[in-house]
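Chemist: This is the structure, below, for whatever I ask next.
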Amino acid sequence: MPAGGFSTAPGGGVEFEAKITPIVIISCIMAATGGLMFGYDVGVSGGVTSMPSFLKKFFPVVHRRIEEGGDSNYCKYDNQGLQLFTSSLYLAGLTATFFASYTTRRLGRRPTMLIAGIFFILGTVLNAAAQNIEMLIIGRILLGCGVGFANQAVPLFLSEIAPTRIRGGLNILFQLNVTIGILFASLINYGTAKIKDGWGWRLSLGLAGVPAGLLTIGALLVVETPNSLIERGRLEEGKATLRKIRGTENVEPEFLELVEASRIAKEVKHPFRNLLKRRNQPQLIIAVALQIFQQLTGINAIMFYSPVLFSTLGFKNDAALYSAVITGAVNVVSTVVSIYSVDKLGRRILLLEAGVQMFISQVVIAVILGIKVKDDTNNLHNALAIVVVVMVCTFVSSFAWSWGPLGWLIPSETFPLETRSAGQSITVCVNLLFTFAIAQAFLSMLCHFKFGIFLFFSGWVLVMSIFVLFLLPETKNIPIEEMTERVWKQHWLWKRFMDHNDEGKNHGHRHAEETVKPLEKAKNGTSNGNGFDSVSYQL
């Protein structure tokens, strides 16, 4: 899940004159629907796949297996088609991100959001009206394309349209909405599962049309960002828009800075090649490692499949969805905790503390399941069932204030301006790729590893905590352009990568970039479970 932060006045830059205008407020509400949409898609699939009427229609094999009850508890849901229903969304999102970064640059932020809205609506219609598995998967793929486009354009749009002092806050709005979307989906599944005639799943999938419609209408109402207009050479139009959104005539200083930033961004000819230079390798290694580790905590496995997971553990259908609602609520609350603590306590403390908490909760779950849930019996009596839910909540909460937001925040604040857009694209792709892999493999792993799946993930939690302890420097409250001097050159290992002769090259890039406290640089909103946001950030 993505990260955000409250904005502060730029450390060394200038605070430009800006009022909080109605346009800005409307834009934020609109962008929030992008987050809701993504969260809803993540949350709804787990609940729908545990509804008997849905399984009977599309996955009769799985339905038969559950009805007959002959199969192992852990293997009831092991079916590649069922996993493809969930994971196809991420694969499509991964592919769409490449196209979206092009349309964001060439056509602008607003048309990209409109494209996302249209994909969302088409996907929702196909899913709600699905008659066969093909319609279902194609619908999910279209939703995935919507995710790719929305998560590229919305966070970028937000951070460009908002006045500096509330920019971080607006980005949180996007991330908070992802978690609220997941919670809404669980509540709606809880309601629709009670519908007697077995069409509840159509309603669950169809209600995604509400945020989709709002996003589309919103994209028609908002203005294009001045940054995008300037980037495409429409300077006068950009200046007029800037006056409109800032609510003041005095926009010259900000306008000149945007023009300068755009000129510098155009000078970087090969950002991806730049990433591989020795001095940029530590940032790249950390960004990629954080994305892989974020998925290997096992969070998505638990969030996507919590209803399925709970019914595997022998909770009845109703109780399973109810437990998923509880984990969704814990997720929302804990995301709020991270907003307040990340700049006070620092990144490393949160990651290390959460590592301990996640490790313990996963081991406890594995032990209870190992003793109590055998292949054919699931005599998990109430007290133990409650312990499992509490442990899942402990796990989810520690993830939501650590690896969730920080997996996105840290890459966004460590890349220098010249490689930020390329770095961000790679971060997003790695994240989506691993999300896809885990979503596709989880139910089969549950079948083969049984309770050991929790030990598998807890082993990875141990590995990532050791990585943080030795290799991740603290970046709290350090302006981005001072990262090289104050962070990388001070680190026992990474300082070997820093070439002292490179320093002069970067100073030209510096003055065009505001110095904003690191958290404010969490410009990418999304995801990932997983706020996936590809922000090709070219100021």
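Here the Cβ of each residue, glycine as well, is placed from N, Cα and C on the backbone.
Heads up, TrEMBL stuff is auto-annotated, nobody curated it.
Annotations for this protein, taken from TrEMBL, read as follows:
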- 504-523: compositional bias 'Basic and acidic residues' (COMPBIAS)
- 524-539: compositional bias 'Polar residues' (COMPBIAS)
- 27-476: domain 'Major facilitator superfamily (MFS) profile' (DOMAIN)
- 504-539: region 'Disordered' (REGION)
- 20-40: transmembrane segment (TRANSMEM)
- 82-100: transmembrane segment (TRANSMEM)
- 112-130: transmembrane segment (TRANSMEM)
- 136-158: transmembrane segment (TRANSMEM)
- 170-191: transmembrane segment (TRANSMEM)
- 203-223: transmembrane segment (TRANSMEM)
- 284-308: transmembrane segment (TRANSMEM)
- 320-342: transmembrane segment (TRANSMEM)
- 349-371: transmembrane segment (TRANSMEM)
- 383-404: transmembrane segment (TRANSMEM)
- 425-445: transmembrane segment (TRANSMEM)
- 451-472: transmembrane segment (TRANSMEM)
Chemist: Near the transmembrane segment (320-342), which residues from the same chain, at least 6 beyond its ends, have a CB less than 8 A from one of its CBs?
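Modeler: Answer is 1, 3-6, 43, 46-47, 50, 172, 175-176, 179-180, 182-183, 185-187, 189-190, 193, 302-303, 306-311, 350, 389, 392-393, 396-402, 404-406, 409, 476, 519.
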Chemist: Rank 20-40, 82-100, 451-472 by Cβ pairs under 8 Å to the transmembrane segment (136-158) and hand me the top one.
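Modeler: Between the stretches 20-40, 82-100, 451-472, 82-100 has the largest tally.
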Chemist: Counting only residues 6 or more past its boundaries, what in the same chain has a CB within less than 8 Å of a CB in the transmembrane segment (112-130)?
Modeler: 30, 34, 37, 58, 96, 100, 103-104, 136, 138-150, 152-154, 157, 202-203, 205-206, 208-209, 211-213, 215-220, 222
Chemist: Does the structure show the transmembrane segment (203-223) and the transmembrane segment (20-40) touching, where I'm treating 3 or more Cβ pairs under 8 angstroms (sequence separation 6 or more) as a contact?
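Modeler: These two stretches do touch.
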Chemist: For the domain 'Major facilitator superfamily (MFS) profile' (27-476), what's the mean pLDDT in this predicted model?
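Modeler: Averaged over the domain 'Major facilitator superfamily (MFS) profile' (27-476), per-residue pLDDT gives 84.
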Chemist: Checking distant contacts: for the transmembrane segment (284-308), what same-chain residues at least six beyond its ends satisfy Cβ-Cβ under 8 A?
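Modeler: Residues packing against the transmembrane segment (284-308) from afar: 42-43, 45-47, 49-50, 77, 86, 182, 186, 189, 275-276, 320-321, 323-324, 327, 331, 358, 362, 392, 395-396, 399, 403-404, 406-407, 410-411, 414-415, 423, 426-427, 430-431, 434-435, 437-439, 442-443, 453-454, 456-457, 460-461, 463-464, 467, 471-472, 528-530.
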